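Asker: The GTP binding site annotation in Swiss-Prot covers 68-75, 132-136, 186-189. Annotation source Swiss-Prot lists domain 'tr-type G' at 59-239. Taken from Swiss-Prot, the feature transit peptide covers 1-39.
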Amino acid sequence: MRGCLQSVKWLTSALRPSQSLASSTRYPRRLLSTSAPRNAQVRKPASEVEQRIAAIPIERFRNFCIVAHVDHGKSTLSDRLLELTGTIEAGANKQVLDKLDVERERGITVKAQTCSMLYNHQGEDYLLHLVDTPGHVDFRAEVSRSYASCGGALLLVDASQGIQAQTVANFYLAFAEGLKLVPVINKVDLPSADPQRALDQMKNTFELDPESAVLVSAKTGLNVSQLLPTVIEQIPAPVGDRTKPLRMLLVDSWYSTYKGVILLVRLFDGEIRAGDQVVSFATGLKYTVGEVGIMYPGQTAQSVLRAGQVGYIYFNPAMKRSQEAKVGDTYTKVGSERLVQPLPGFEEPKAMVFVAAYPVDASDFPHLEDSINQLILNDRSVTLQKESSEALGAGFRLGFLGTLHCSVFEDRLRQEHGASIIITPPTVPFKVIWKDGKEEIITNPALFPEEDTLRAKVTELQEPFVLATLTFPEEYLGRVIELCESNRGEQKSLEFFTSTQVILKYELPLAQLVDDFFGKLKGSTKGYASLDYEESGWRRSNISKLQLLVNKVPVDAVSRVVHSSQVQRLGRLWVSKFKEHVDRQMFEVVIQAAAGRNVVARESIKPFRKDVLQKLHAADVTRRKKLLEKQKEGRKKLKAVGNVVIEHKAFQAFLAK
C-alpha cells in the first residue's frame, strides 16, 4: 500500500507546474463536497508564492468582498479578478468560486468562497484576499460571517436593473460592520444598461460619491483592471501585530473524509504554523495543527499564516466532529489563554422554515440519513430531528433559514447523493402561550395542541411576522399592494427612490411568505420585483391545525397549521387533489379536511360494485331486497374494519409542488 502511495506521489511531482495548474483550472474543484477533490491541494510552485507573501508587510494586505443582489455578476467579476492577478488561467474558467452543481445551475452563490491573490501595484507586491458572498437573504449568515473577515467591499450594482432589495439589505450589513465601500456599476455593455441611473440611485440611497465609482463589464473584462488599484487605494489594510499572542477567528468550516474538519480562519494577531498547539475559547478543547495554508485558488500549503491573513488550517490528529468547530469561536496558543481577549462571535442563525423528508422506499432510510448528515457537516444552519409517520414511515424534520435554502438543500440531496425523497410543504414555527405562563415554540404540526387542550390550557397562539422590502417598477404598484393585502400584509412605508422605481415595505406573516409569495410577486411584476426580509417578532393570531382524514382517520403526514382565513380554501384544495391519487376500494372512501372539530371540505370515492343480482329472476323481489341488504351490511362491516390502502406514489403526487 505504501509503495502505491509513493508511486502516486512520484507521478504527481513529475507533472510540470503548468500542466497541473491547467488541469486544476480546466476542471474546477467542488470545494464543498465531502469527497476527495476538496482535499486535493493545487500543485503550484508553493515556494515562489510563499517567498512573495513572506516579503509583504501587513500594510500591503487587503481583505475585501463583493456586495450585491442575486445575479448582478459577483461570481463572474471574481473570475475576472482571479484571471487579472494570474491566480487562474484566462478564459479557461467559469465561476471558479461557485463550486456546487446547484450554484452553477441556478446562477446563485450559496456558500461563501475565498481566494488569495498576489498583485503587483506600482512595483510593490500586495496580498489581496477576496470573498465571494451569497446575495440571497436566506444565506445572510454566510454574508455576515464573511464581512467580519474583510476591511472593505465592492458594492456591485447591475447597470440595467439598478439597486434591488438585497443590494439595500447587504449594504446595511456591510455598513454596520464598518466596511469601506467602493461603488461598482456592472454590465455596462448591455443595450439596456443605464449607468447614470444606477449612479444616481447609489448617491440618493447610500450617499456614495458617484465620482469614485468604477464602471465595468465583468463578462467582457471592460475596465476590470481599474478595480484592483482602486481596492488598494481605498480599502484599508487589516490591523494586527504578528508579535502578539495568537488571536484567530473561525469564519467557516467544512468536512474532509481524510483530514477531518478543515477551518477557514482570519488571524487578528500573532502567527500559526504546523505543530503549534491551539485551544478553543468556546469549547476549551486543545488541538495540534497539522497544516496551514491559503486558498490559491485550491488549498495551497504554507509554512506560516500571519496576522491579517485569511487561510485554512486542519489538525493532526484530526477534528472529527464538525460540532466542535463553532463558527465565530476564537483560538489562541496553549498557554496564552489569559493574555488574549476572545473576539465577539456571530449570532447563530435560527431555522424559520421546516419540512419533513421521507425516503420513497423505506429501505433507503440509512442512505438518506447518511446523505443528510454529510450535507449538514458543511451547513450547520440546518436543524435535524428524526420523526416517524404511519403513512410514510421513518423520516426527518429539517429546519432551514428560508425557502431557497430548503430548495437548494433538496437539490443537493438529489444531485450529489442520488436520494429519492418525499418532501412535505414548508411550514413555519408557532408559539403557544400556556395558562401557567410557559411559552413553547412548535415546529412540527403533529405536536400542535388538540382542540380540547387549546380551550382548557392555552392563553394565546402567536405566529412569526417579517418586515419585507420590495423593489419594483412604479407601474406594478397597484398589483403588488393587492398581493400584499391578500396575504394579510400591513403597509409600513412607500418610497419612490427614482422616477420609476418604488421601495415598498410591508409586515407579512412568515407563513404567507413561504407559501410561494415570491413566485406570485414575480408573476405580478413580470419578473421585475426583488424581495428582501428580516424578522419582525411574534404576533397574536387566529390559527388552527388543518388535517386530512381518510374514513375519519387523520393522515399524519398531511397536517398543517394555518390561519383561519386560509382554512376553507386549503381544505377544498386538499380533498380534491388527494381524491385524484387514491384508488377505488371495495367500500366507500370518504376524504375530509378538518380544522379542529369542524369538517371544512369533503369528497367521496364510490366503491367497486359487484352485481349480486346477476343470477336472479326479475320477478323475485324479496330475494333481490335480501341480497342488496346483505351487500350493504357487508360494505358497512368492511368499512368499519378495513384499512384504506394508499400507495406511496399517491403521497408523492399529492405533496409534489
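Backbone N, Cα and C define each Cβ position, glycine as well.
How buried are the listed features, and what sits near them?
Answerer: DSSP gives Ala68 (GTP binding site) a coil state; it is part of no helix or strand.
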Asker: Across all protein chains in the structure, which of the binding-site residues Ala68, Val188 has the highest Cβ count within 10 Å?
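Answerer: Ranked by Cβ atoms within 10 Å, first place goes to Ala68.
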Asker: Limited to the domain 'tr-type G' (59-239), I'd like the whole-number average of pLDDT.
Answerer: 82
Asker: Where does Lys74 (GTP binding site) sit in the DSSP three-state scheme?
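Answerer: Assignment for Lys74 (GTP binding site) reads helix.
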